[in-house]
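Trainee: Pulled from TrEMBL, these are the listed features:
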DOMAIN    20-165  domain 'Flavodoxin-like'
BINDING   Ser26, Gln27, Thr28, Gly29, Asn30, Ala31, Ser74, Thr75, Thr76, Gly77, Asp147  FMN binding site
DOMAIN    235-477  domain 'FAD-binding FR-type'
BINDING   Arg414, Ala415, Phe416, Ser417, Gly448, Leu449, Cys450, Ser451, Trp633  FAD binding site
BINDING   Thr490, Ser556, Arg557, Lys562, Val563, Tyr564, Val565, Gln566, Asp598  NADP(+) binding site
Amino acid sequence: MGPSPSPPQPPPPLPATGRLLVLYASQTGNAMDAAERVGREAERGGCPAVDVLSMDSFDPSCLPGERSVVFVVSTTGQGDPPDSMKGFWRYLLKKDLGARWLEGLRFAVFGLGDSGYQKYNLPAKKIDRRLLQLGAEIIIEIGLGDDQHPSGYEGALDPWLLSLWESLNKANPSLLPRITDIINPNLNYLGDSKIEVIYYSCNDAPPDSVVSDSKKLIERARLMSPALKFHSDGEPQYMLKMVTNQRLTKEDYEKDVRHFELEDPSSAISYQVGDALEILPSQNPSAVNAFIERCNLDPDSYITIRAKGGDEVSNGSLLNGSMGRIKLSTFVALTMDVASGSPRRYFFEIMSHFATAEHEKERLQYFASPEGRDDLYQYNQKESRTVLEVLEDFPSVHMPFEWLVQLTPPLKKRAFSISSSPLVHPNQIHLTVSIVSWLTPFKRTRQGLCSTWLAGLSPNEENLIPCWVHKGSLPPPKPSIPLLLIGPGTGCAPFRAFVEERAAQSARESTAPILFFFGCRNEDNDFLYKDFWLKHAQDKGVLSLKEGGGFFVAFSRDQPQKVYVQHKIKEQSARVWNMLCSGAAIYVAGSSTKMPADVTAALEEVVRQKGGEAASGWLRKLERAGKFNIETWS
């Protein structure tokens, strides 16, 4: 694995007086969008200086020098903070920061979460509480955005922002001299885009601007994208070849789950069990071409993208002189999600300025208004409408490419739990992937971009897959620690790696047993890796009862009453309790809906019944010791 690229350097701090600082921590882009909206509205209200920054690009030791800060924080997994918040949060927890450290700082926090989860908006609530402990003063009460609201997080953001501006204006009228422009915005006023695009004809492009190395090309394109400027991991660590694409579920079954084997034919891949593989998917070339044609762009022209003011978007990158030029069609394909990501509300507001048909302009302005928010949510997010579809629905709109680059959702990498052990497959990574497909409220079929692309790749074709290995949230266990694993559905992926690794270790040293609970709907349809588990559950296998382990399956639909993994845990309470008493580490993986909470409740019941212990305290103790780990995905 090559060295990680240096993170982008944060801009030098500006004088805090008269400035509003907006810090966001985003995992999928929603918190960044919300933060950018806070920044735009502050600028519209005449704020002398506004800075919108990712939390990991701001030095937290500079916080006492600020006067007004808005924090916008999303939630990941089971109430975890986004990656970009972790370093900032660690700094705030330092013991030498006193109760007056942030005296003079006024702040407001808006969280993005889902009330369907137990730890709803926990990172936002934690940062709100900690800032108060450090002596900062609250501007307004914390705002809690909820994915369950009919309008998504904006249902809470709209009224919260109005309160924020009114409170800030009351305390310091000079901060927002044009506050009326925020409360009653003039939708006919178009500000400037934050970037500019410089075009070169193909004849002007020097030979060295054509990059033959696909890794370098991906890095160059993504460094140039304004939406990815704080989220670039540099060039892909690996370009892997698909060598196996095998369907695990029955051919005629509604759910399509695949086993993929990706290989580096020339060298070993550096990874551990518990790690995740991030993949940059390829967009359908016909969708990219349709977008370029719809927007009247020249696919063969070369471009450089710069922030207004002259610098390339990413400071300190390769982008200087001719090396900063890239083919427009390549840039779109590698950075702009034109055919799977839904645009944000601001996209519709900017579109309204470029609509020449009056009925289209009116509809777009309505969508961008508070009154049209719910209808926009139904038309756009609920229908998973893509940028290309939206542009085709409003044919009179011709947005300049500068605005499209700024507002089209970025093409994001997708992360998958690794389901192989490097001890067994040193130059391969295996993945267990559900091919995503769903019906919208208007019965339109939508498909997941990355999983559908991977499913369509034929083994040993020339297609190379851009990949990055990332440390997962499941730490690799020592061979001497007994394991209690719970992984229904594709949650079994990391545990296939754990079992494979422990089996390899047991061939050369003494290892502790594994007790594994798997769940699926039917034995005949979706019993993923059936032969693999049964092989390791026999004789002296690491899952065998003989060795102190066990393998138990919950088939939820094979009998009139539904049976899930939590029921099997209770059924096997004596084995579970014995494992816990022998110092087992608990690992849970799978869907982030109800399963983790139900499994935790079942484990608490076992502890209460068998040990007479304070169950939640027991599990919290395990969590603090790093022996209760949960990895979930939606």
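Along the chain as shown, the residues are counted starting at 1.
Placed from the backbone N, Cα and C atoms, the Cβ positions cover glycine too.
Mind running through what each feature is packed against?
Mentor: Other Cβ atoms within 10 Å of the Cβ of Asn30 (FMN binding site), summed over all protein chains shown, number 19.
For Thr490 (NADP(+) binding site), the same-chain residues 6+ apart in sequence whose C-beta sits under 8 angstroms from its C-beta are Val257, Ser417, Thr432, Val433, Ser434, Leu528, Gly590.
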Trainee: Among the binding-site residues Phe416, Trp633, which residue has the largest number of other Cβ atoms within 10 Å of its own Cβ?
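Mentor: Result of the Cβ crowding comparison: Phe416.
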Trainee: Can you tell which of Cys450, Val563, Val565 has the least company, meaning the fewest other C-beta atoms within 10 angstroms of its C-beta, among these binding-site residues?
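Mentor: It is Val563 that, of the binding-site residues Cys450, Val563, Val565, has the fewest other Cβ atoms within 10 Å.
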Trainee: Using a Cβ cut-off under 8 Å and a sequence separation of 6 or more, which residues in the same chain sit near Thr28 (FMN binding site)?
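Mentor: When sequence neighbours closer than 6 are ignored, Thr28 (FMN binding site) has Ser74, Lys412 within Cβ distance under 8 Å.
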Trainee: So what's the average pLDDT for the domain 'FAD-binding FR-type' (235-477)?
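Mentor: The predicted confidence over the domain 'FAD-binding FR-type' (235-477), as a mean pLDDT, is 91.
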Trainee: Within the domain 'Flavodoxin-like' (20-165), how many residues are helix, strand or coil going by DSSP?
Mentor: 58 helix, 35 strand, 53 coil
Trainee: Which residue, out of the binding-site residues Arg414, Arg557, shows the minimum number of other Cβ atoms inside 10 Å of its Cβ in this structure?
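Mentor: The binding-site residues Arg414, Arg557 were compared, and Arg557 has the fewest Cβ atoms within 10 Å.
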Trainee: Do me a favour and check the Cα-Cα span between Cys450 (FAD binding site) and Asp147 (FMN binding site); whole Å is fine.
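Mentor: If we compare the Cα positions of Cys450 (FAD binding site) and Asp147 (FMN binding site), the gap is 23 Å.
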Trainee: May I ask which of the binding-site residues Ser26, Asn30, Thr76, Asp147, Val563 is closest to Trp633 (FAD binding site) if we compare their C-alpha atoms?
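Mentor: Result: the closest of the binding-site residues to Trp633 (FAD binding site) is Thr76.
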